[in-house]
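These features come from TrEMBL:
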- A:51-332: domain 'AB hydrolase-1' (DOMAIN)
- A:S157: active site, nucleophile (ACT_SITE)
- A:D322: active site (ACT_SITE)
- A:R324: site 'Important for acyl-CoA specificity' (SITE)
- A:H355: active site (ACT_SITE)
Amino acid sequence: MSTGFPADSVGLVQPRRIPIAQPLTLDCGRVLPQHELMVETYGTLNAAHSNAVLICHALSGDHHAAGFHDAQDRKPGWWDSCIGPGKPIDTNRFFVVSLNNLGGCQGSTGPSTVNPETGRPYGPDFPLLTVRDWVRSQALLADALGIGRWAAVVGGSLGGMQVMQWTIDQPERVAHALVIAAAPKLSAQNIAFNEIARQAILSDPDFHGGRFYDHGVVPTHGLKLARMLGHITYLSDEAMRAKFGRLQRVNQFSFNFDVEFEVESYLRYQGQSFVERFDANTYLLMTKALDYFDPAREHGDDLAAAFRRAQARFLVIAFSSDWRFSPQRSREIVRALVRAGRDVSYALIESTLGHDDFLMPIPQYQRVLRDYLDRVAREAGT
Amino acid sequence: MTRSAGAPPDLRPDLALLCDWIRPGSRILDLGCGDGALLSYLAEHRQVSGYGLEVDEDKVARCIKAGANVIQADLDDGLRDFDSGSFDYVVMNLALQALQRPDDAVTEILRVGRVGIVTFPNFGHWRVRAALAAGRMPVTPSLPDRWYDSPNIHLCTVDDFEDLCRQRGWRIIARRLLDRSHHEGARIRLAPNLFCEIALYMLQSPEPSA
C-alpha cells in the first residue's frame, strides 16, 4: 500500500528492463541483433489478455508515464493526469504499458548505451530510426508481455504518429487507436524547426561528431538551444503572453544580454533542466524519426489508402491553441479515415496553452477520453 | 399515426420518421447529429454506418459516450472534407434554419450524398402568422426560442423552400408535412403551408450521380 500518494495515483512504480532477443531489421537496412526496452506497467493484465493499453511517448517522453519512483518524488510521471485508478486511462480496468522507445536515453537501448561490439557507447554508430521501427520494436515487446492485441494504443504528438503506424502495420493487433495532437506528416515548417534544433547540437564544439561520451563532455549549449526552440513551438502565443508578457526581472533595461525578460529566464531554465536528463544523440534521432514519418508515402501519397489496411476504431483529438500540429492537421487524418471508411470520432478541445495541452487535465479532454475508454474497457470485458 | 410499425418507442419521433427513409446497410452522414441518437439507432437496428457532424462540445462528448462516430465541425464551414457522392444519405434534421447560407448547405448535401434528407420548422404555420399579425415575433411549440436567443437566422416556409428547390433544380423525391406531434392529417393536406409545423424533404441533385 503506497502511503502519502494521492488516492487516484498508481503510487510507487518500478521500471523494468525487458530484453528483446529477436533481431530487428530497421528501415535504414541495418539489423539490431537484440535490444532492451525500459518499461513500466500499471494495473493488471486480465486472464483473457484483452485489457492491455499501450502508451506511446512523444519527443522527449519516456516510460515513466504515471506514479512516483520514490516517496520523495516531487513530480509524478509525464501523463499522471490521465493514468491511474479512476482516471481516464483507468488502471483499475486496464493493464497499461509504457515504454522508453528504442533509441531513447532513459534506459532503453540507444545511442548512449554501450555497444557490445566495441565496449563503448554507440554514439553516432547507433542507427537512425523511423516510427515504423518503433512499432516493430513495440510489437516484439507485446509478444514478450503476452499481449496479442491491444485494447487501445494511445499517444500524443509523436506518440500519436506511432498509434497511426500501429494501425497500418499491425492492423489485427489494435482494437482502438487514440491519436492526440498529431499530424499525418511534418510540414516544411515543422521540419525547419527540427533542422535548426539539430544544427544547434551538431555545431556545438562539445558534440564531437556524436562521440562526446568519449571526451567526458556534453554538448550542453546545443541541446539547450534545441530545447528552447522546441519549447516555443509547444506553447501558444497567447499562453506565453499570459504567462510572461513582457515582464522583466528588473524594471529597467540593462543594455546587455543577460536574462532580462521573464520568458528568457523560463526558456533558459527549461533548456538547462532538459540537458540534465536528455541525450543529444537521442534528440537528433527523435527529430529525424519525426521528419521521416509519412505513412501515406508507401501508399502512393494517399493516406486513405494507408488507412484502408487498418481495422481499429479511431478517436482523433486536437487542441484549438496548438499551432505545432494544428487542428487542421488532425482534420487531414480524419478526412483520410473517413475516405477509408474507418470508424472515427474527432474532438476539438478548446485550449489555451498550445501543443502541450495534450498533457493537461482539461475537463472536456478528460471527459472525451474517459467516455471513449469506458466503452473500450467494456468491450475488453473489464 | 405516421410512425412506422418498426420504429422504436425510445427513439425521438422525428428521428423515427427519418429512419423510415433510410435503407438498411447504407452509409449516412448526419449533419448536426446532436447526441448521436439517429446514428446509434441506425447502426444497431439497420446496419447503417456513417458519421455525425456536430459543433457543440457537450453533444460531441455525448456521441462519443454513445459510441457513435462524431466529427466535431461547424456546418457553416461546409463539407469540403467529404468526397462527392461518398454517402448514400446526407441528413440534416432541423438545422437548416440556423445556418449562414442554407442554400449552399443543401447544394453541398446533394454533392456529398446521393440523397439528401432535410427537415425544418415551417414558418408559414398559422401560429407563426397569428403572432406576426399581432405584431410579435412568434414563440410556438415548434419554434420555442425567443427572438434574441434563437439560433434560427434563416427561417422559411414550405412554399419558400419548394420555390428554392425549383429554382435550383433540386428534385423532391419525397416529402412529409407534419404537425408537431408528427402526424399528417386532412388539414395539412388541404393547406400544407398553413398547417404543417415540421417539414421533411428527400431531395436529389439535378444530375444524379450514377
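A Cβ is built for glycine as well, from the same backbone N, Cα and C atoms used for every other residue.
What TrEMBL annotates, mapped onto the structure for a quick look.
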residue : record                                    : Cβ neighbours (10 Å)
A:S157  : active site, nucleophile                  : 26
A:D322  : active site                               : 27
A:R324  : site 'Important for acyl-CoA specificity' : 23
A:H355  : active site                               : 24
Item checked: Per DSSP, three-state class assigned to A:H355 (active site) -> helix
Notebook entry, point to check: C-alpha of A:H355 (active site) to C-alpha of A:D322 (active site): distance in Å?
Noted result: 4
Notebook entry, point to check: Expressed to the nearest Å, what is the distance separating A:D322 (active site) and the residue listed as 'active site, nucleophile' at their Cα atoms?
Noted result: 11
Next item on the list: Translate the DSSP assignment of A:R324 (site 'Important for acyl-CoA specificity') into the three-state scheme.
Entry: coil
